[in-house]
């Protein structure tokens, strides 16, 4: 019988995962990175003669494994070449010192190649006509391997862009950049299955599953697939976008504080799109998936971000004779837009590595690319140099950061061209700290060789709820003659996407409130598996009673899932304390996120950093 020949299989999951930087994901399931060997021990029921016996091992991934596609590999112990000449992604195994073949104990060092497709694998072995499945395990990209296309040289950057489960997403406007903590949670329970299932549900897989699985050797291909799968504009996507005001059947985009709750809901609901998201939600979720798969990734926010629909690299604005913006132009400038950058080589663009490094990948569904709502990867180097003939989607991203804003009057005559407004304060979180890093110069050359900043609107302070907004207009003449002029001012409500909502007089535009509603503090033990208490103190700062109040707490490594607490009505200037007991289950620096909603305003967020010791 089979079980007599193969008596025991030890995958050494705990030590292997630790060496492969996957122990935060699991210590019981084997999860390895390509281009790096792992150990397993086989105990046979009889001696193994190195001179005569041979153990033949086979790894496969996908439903249609093939040596020619790199999704199947056969290798022998002792090391013998069993693959065909046309085989791709060839695996190998060696017998480690410490083995005891005469007693049937074989300690094997198995090496997946650095170009192996990522995914779920099955490892089997045959010995003297007896065959056994030894293990099911997962293979991820490897930023620690110099042979992998996602190799990132600096360890501190690998810790930030692969291993860090917390981060910051910047929102707001160019004059008031607002940081928001985001819990990526890429190593939470079940994330490997969730992310790999996402790959299996993409359109290209259903069209040609064998080629799709084979193509997962490339981070270029995988990042493009993930970009399409994060949004629901094509079949089976994770998040449904909503830029309106009706969020029935789901939650408003501002509700979310992290990716795991979204991805888990999508997976547990048998892949029904989660409602709802906007650009920062799409980007936050994609960053989590990329980091889990092993592609270094960071979230990037572009302020005054252009959306060029007709691919002419300009944003066309039309005004009537009274100065009011007309609705005819489909081009727009968003207050901000958020995408991600993935780190990878681009040998498809140049063999000398010119375009290697950070690549823009945008999961927000804006325009179709090769028939799908996806964008990128677009080389940041190519974007900066204006090389808009390169794939993927470089012209679209170039316009987002560098388009000219062209203004036309009611007769469609060009009256002004603004070359400076678009693409300001392009921001991401710093490595190893919570500071903001400005990436603008990596995306665009300085206008005219000088650092440019749009001074219009500098006199506009950050709006506060219930207070007037004061604007100052300075008019100057460049001639010495007296002139008569008239000024027509039109005030319009605008979405953050730059779309006008109509002329207003007494209406109020939606703006970020400068309210300090609550403070957080953590007390008690700060060690893993020991209780600690998080206390949140709410204060009602306005002159009306807040009703229908609720608070949600979340934080990967601190608590599993999300805890929602209903709060009593808060009278003006009254305080209310809420204490929640947590049991941290992961070490390191963790973010505790709180989200407060009531009848008067929704989704006011704050966060607290907690350092959990072993």
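Here the Cβ of each residue, glycine as well, is placed from N, Cα and C on the backbone.
Quick look at what TrEMBL annotates:
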type: ACT_SITE; residues: 279; note: active site
type: ACT_SITE; residues: 337; note: active site
type: ACT_SITE; residues: 362; note: active site
type: DOMAIN; residues: 271-365; note: domain 'Transglutaminase-like'
Spatial separation of residue 279 (active site) from residue 337 (active site) - C-alpha basis, Å: 6
For the active-site residues 279, 337, 362, the one whose C-beta sees the most other C-beta atoms within 10 angstroms: 362
Integer average pLDDT (0 to 100) for the domain 'Transglutaminase-like' (271-365): 85
Residue 362 (active site) and residue 279 (active site), distance between Cα atoms, whole Å: 9
DSSP three-state assignment for residue 337 (active site): strand
